[in-house]
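A.B. asks: Sharing a structure here in structure tokens format.
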Amino acid sequence: MAPQTRGMSFPKVLIERDSNSEESSSEEEEEDDDVQNDVAEESDDEHVEEKDEASTSTRIRREPITISLKKVCKVCKKPGHEAGFRGATYIDCPMKPCFLCKMPGHTTMTCPHRVATEYGVAPAPHKSTHSSLEYVFERQLRCRVSAIKPAFLIPNKVNCAVIRYHSRRITCLEFHPTRNNILISGDKKGQLGVWDYGKVHERTVYGNIHGCILNNMKFNPTNDGTVYGASSDGTISSTDLETGISLSLLNLNPNGWQGLERVSESVGGAKVTMGPSSWRMLYGLDMNSDKGILLAADNFGLLYMVDMRSNNVTGKPILIHKKGSKVTGLHCHPLQPELLLSCGNDHFARIWDMRRLEAGSSIYDLSHKRVVNSAYFSPQSGSKILTTSQDNRLRVWDSIFGNLDSPSREIVHSHDFNRHLTPFRAEWDPKDASECLVVVGRYISENYDGIALHPVDFIDVSKGQLVAEVMDPNITTISPVNKLHPRDDVLASGSSRSIFIWRPQENFELKRPRDENRIVLCGKGEKQRKGKFEDDSGDDFDNGTYGSKSLKTKKPFLKSKAYGSKRKC
């Protein structure tokens, strides 16, 4: 649901006590006094000395309690001020530095990084090789990267969409490896969706795959009709997209949630009570196609390996990040699958050699200031590394064989959120031969003709420049999940429970039949929505103090020429 604008003053609540109720005990009177001191204005009557218990109990029974709610900042938790969105403007907490660049001395709206993304970004180095290793890299890997940077073709117009496709917010997207018009999606509830966006209305949602968040998906390289999924229920699934039949390859919580409450015996013989803190969740997922091994990592820093041929777990779990920390992502090198890149909430991205994979044996540790949401090798040569961190920084390393002590560039970008959202992840454009273009959703909203919108940004990471920001006046939710097609000029965006397909405007308007319905509206509440792309799931917006009154001024969805007509399913 879109944020609502509240008044700056809070109402006072009067609670009448029952006149026939019994007298309160001394402990209840003390609790009442504490509540009145914390959240109510003190009255002079409360400081009058009590003469007898009878008069005190009578006064408590008959006198109403006045409660005045105080303004409390959601950032620093202190009263007297507020921080958050007011329409398209983000109000900073006066006790904290700029929310965008994390530096003091200015606010988010006056931050120089907000005006120019390349502000303070060091240019790409141009130097000759000085070692044999760099020489081999330039001859064998760099030659795969085009020396001439082609013109970027940006998908900037919504071609089709499914509104309220999933029951909860979308968490991951993947394009089919061979069928260009097939897109699969996962959501917070563990559902798996299959959508043919070429035919628009052909879609399927399998709701019996996982019990909770589906965090990552990968296609089987030998069978493109099968997709693997890693979920917060602690399982790895193998699902047939035609039938929806799923096979569990790994289950880290075999006894379920109720099994955590049982008392088990440890190795030393002492009884240990298992609690919810021992629940294991799987986040990162990738595969080593050469060895036929599926890799998954959990919220305790452990890496698990599953043989895709036998569907059995191989070896023991390996600690690849700090014990008890979440491994948020895994990525195998596109040309040398033996190289593995991992990232986690221990503020590190780590490079591993799978031929000698053991705890503490990482080749290099890339330090960050906060949680690392994602880390990817560049898609064609694998020579670069791109990471997304919660400190509002995109970091780029131009060569995995060069100096990795510090990144080649740090690009300030707004993706540090304080709401219930899927983490933002900057991803490479797999079609870009120059390995410079990345796509990432934006958290801080901008005011476009009186409408608060959250664009999807295309950034040239070789310069730090914003190439394009795509948006639509009918999409008022945030789009943290974005995936570029590996072969077509198509962008898929997951915004709350809806999916949008973007194409270059000059291309699809010439090919699309005029009478074809390109919008599918799922779920209930079509009349209540009045044509707006807003969501009531409660995942993408908090019901905070600030909202956007300007949303009422945007054009109704039914009259939008960019989409055509819509159809309710």
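Glycine too: its Cβ is placed from the backbone N, Cα and C atoms.
All TrEMBL annotations are machine predictions without curation.
Keep in mind the model is a prediction, meaning the values are calculated, not measured.
According to TrEMBL, the protein carries these features:
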- 24-47: compositional bias 'Acidic residues' (COMPBIAS)
- 48-60: compositional bias 'Basic and acidic residues' (COMPBIAS)
- 526-535: compositional bias 'Basic and acidic residues' (COMPBIAS)
- 1-60: region 'Disordered' (REGION)
- 526-551: region 'Disordered' (REGION)
- 163-196: repeat 'WD' (REPEAT)
- 365-398: repeat 'WD' (REPEAT)
A.B. asks: Which residues, given as numbers and ranges, are at least 6 beyond the ends of the repeat 'WD' (163-196) yet have a Cβ under 8 Å from it?
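C.D. replies: Contacts of the repeat 'WD' (163-196) (Cβ under 8 Å, skipping residues fewer than 6 from its ends): 202-207, 209-219, 221, 224, 227, 229, 231-233, 239, 241, 420-422, 481-483, 485-488, 490, 492, 494-499, 501, 519-523, 533, 535, 537, 539-540, 566.
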A.B. asks: Give the residue counts of the repeat 'WD' (163-196) per reduced DSSP state, in the order helix, strand, coil.
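C.D. replies: Secondary-structure breakdown of the repeat 'WD' (163-196): 0 helix, 18 strand, 16 coil.
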A.B. asks: Just to be sure I understand, if DSSP states are collapsed into helix, strand and coil, how many residues of the repeat 'WD' (365-398) fall in each?
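C.D. replies: Output for the repeat 'WD' (365-398) reads 0 helix, 19 strand, 15 coil.
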A.B. asks: Over the span of the repeat 'WD' (365-398), how high is the average pLDDT in this prediction?
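C.D. replies: Across the residues of the repeat 'WD' (365-398) the model's pLDDT averages 96 on the 0 to 100 scale.
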